[in-house]
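Take a look at the structure set out below.
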Amino acid sequence: MSLLFLVLLSPFPCVLGLPFYNGFYYSNDLSGRTLGNGYGEGLFNGVKLVVETTEESLFSHQGASVTLPCHYHYEPALASPRHVRVKWWKLSENGAPEQDVLVVIGQRHRSFGDYQGRVQLRQDKQQEVSLELRDLRLEDSGRYRCEVIDGLEDESGLVELELRGVVFPYQSREGRYQLNFHEAQQACQEQGAMVATFEQLFRAWEEGLDWCNAGWLQDASVQYPIVLPRQPCGGLGLAPGVRSYGQRHHRLHRYDVFCFAAALKGRVYYLENPKKLTLLEAREACQEDGAQISTVGQLFAAWKFRGLDRCDAGWLADGSARYPIVHPRLNCGPPEPGVRTFGFPDPHTRYGVYCYVQH
């Protein structure tokens with residue numbers, strides 16, 4: 001396995017507690033976390049309570065349903081079943097608080113917050129306490145703990161849920177480096193996306209994302225992925241990797257942002273029209289076709305997961321004009337696949353339009 005590099009660009013020569021070399025920090029610990037061995041165990045009265053979950057991350061997509069597996073047993077096995085209390089909660093990440101998901105005691109159960117009406121305990125087998133989660137949302141991605149409580153003893157296991165999606169850089173209509181952290185969060189939400197995590201950006205870099213503009217991530221750090229080192233992007237002397245400026249002030253500092261859009265439940269399409277349209281006409285045309293004008297996140301997801309390939313620029317909901325290319329060809333932009341952009345043209349300029357219809 002080749003060595004992976006994380007580079008911290010900092011005006012300070014060193015930071016206490018980090019191994020530094022020539023002012024740059026290298027690490028192959030990409031996430032700073034592990035799921036352990038997939039189970040927990042505890043001993044009481046000579047009997048061991050064991051909770052088992054999966055060691056592998058689960059992958060799903062927005063709008064889908066998923067089951068987070070969790071089982072428990074006793075060693076040695078008990079002759080008769082015991083009453084247990086089960087609790088599921090989502091762990092804290094990137095400064096967000098822990099979230100209670102579901103508590104079950106016998107036939108009584110209670111779900112919490114945004115999980116109400118979307119979760120239930122699955123008990124198809126004896127000593128199964130898996131969590132069924134419906135209508136997946138972007139914010140459902142993360143680590144969940146399954147805890148089984150038997151009297152004074154409790155044991156737990158972790159399950160990691162990831163939504164399939166695509167990371168894309170996003171820039172304000174005012175130009176480069178115009179978004180503080182809160183504006184970056186809003187910008188991604190308006191595009192049907194959320195601010196990407198470092199893990200999502202790193203995975204996108206592994207898949208070839210190369211972008212020389214620094215952008216906010218979910219933990220309020222500012223980073224950018226480089227596949228081909230070059231002078232304006234950290235210099236030729238640095239290895240490929242994700243460059244980091246570290247944490248930045250939520251309000252005072254301004255950058256672009258990396259957004260994460262989940263795989264689509266619906267369909268994005270280029271609306272065939274005998275004439276080109278202004279932005280207002282484009283919105284109305286999608287509505288007349290029983291759809292709505294596509295967001296940037298929806299267009300990227302359609303390009304990534306549905307293979308949308310069209311060499312015609314079209315309006316999007318944010319007032320930008322873009323087009324998706326899966327198979328690069330003459331007169332359709334650079335030689336690499338991607339979503340091309342014309343920026344934010346005058347709203348009276350005429351283009352096609354990309355519409356989105358939900359299945």
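Every residue gets a Cβ built from N, Cα and C, even glycine.
Look at Swiss-Prot and you will find 1-17 tagged as signal peptide, backed by sequence analysis.
The domain 'Ig-like V-type' annotation in Swiss-Prot covers 48-164, and the record cites a curator's inference as its basis.
According to Swiss-Prot, the feature disulfide bond maps to Cys70-Cys146 (among others). With a 10 A radius on its CB, Cys70 (disulfide bond) counts 28 other CB atoms from all the protein chains.
Looking just at the domain 'Link 1' (166-261), the mean pLDDT is 96. Swiss-Prot lists 166-261 with the feature domain 'Link 1'.
Cys259 (disulfide bond) carries a strand DSSP state (E or B). Around the Cβ of Cys259 (disulfide bond), 29 further Cβ atoms fall within 10 Å across all displayed protein chains. The disulfide bond annotation in Swiss-Prot covers Cys188-Cys259 (among others).
The disulfide bond annotation in Swiss-Prot covers Cys212-Cys233 (among others). Taken residue by residue with DSSP, Cys233 (disulfide bond) is part of a helix.
The domain 'Link 2' annotation in Swiss-Prot covers 266-357.
Per Swiss-Prot, the feature disulfide bond maps to Cys286-Cys355 (among others). On its own chain, Cys286 (disulfide bond) has Leu271, Gln292, Ile293, Ser294, Val353, Cys355, Tyr356 as residues at least 6 apart in sequence with a Cβ closer than 8 Å to its own Cβ. For the recorded site, Cys286 (disulfide bond), the DSSP three-state label reads helix.
What Swiss-Prot records for Cys311-Cys332 (among others) is disulfide bond, and it gives similarity to another entry as the kind of evidence. Around the Cβ of Cys311 (disulfide bond), the same chain contributes Tyr323, Ile325, Arg329, Asn331, Cys332, each under 8 angstroms and 6 or more positions distant in sequence.
The Cβ of Cys212 (disulfide bond) lies under 8 Å from the Cβ of Tyr224, Ile226, Arg230, Pro232, Cys233, each of these being in the same chain and 6 or more residues away along the sequence. Each residue of the domain 'Link 2' (266-357) gets a DSSP state, and the totals for helix, strand and coil are 20 helix, 25 strand, 47 coil.
Under a cutoff of 8 A between CB atoms, and with a sequence separation of 6+ in the same chain, the neighbours of Cys146 (disulfide bond) are Val51, Thr53, Leu68, Cys70, Val86, Lys87, Trp88, Val129, Leu131, Ser156, Gly157, Leu158, Val159. Cys188 (disulfide bond) falls within a helical segment according to DSSP. The Cβ of Cys188 (disulfide bond) lies under 8 Å from the Cβ of Tyr170, Met194, Val195, Val257, Cys259, Phe260, Gly297, each of which sits 6+ residues away along the same chain.
The candidate set comprises the disulfide-bonded residues Cys233, Cys332, Cys355. Of these, Cys355 has the most other Cβ atoms within 10 Å.
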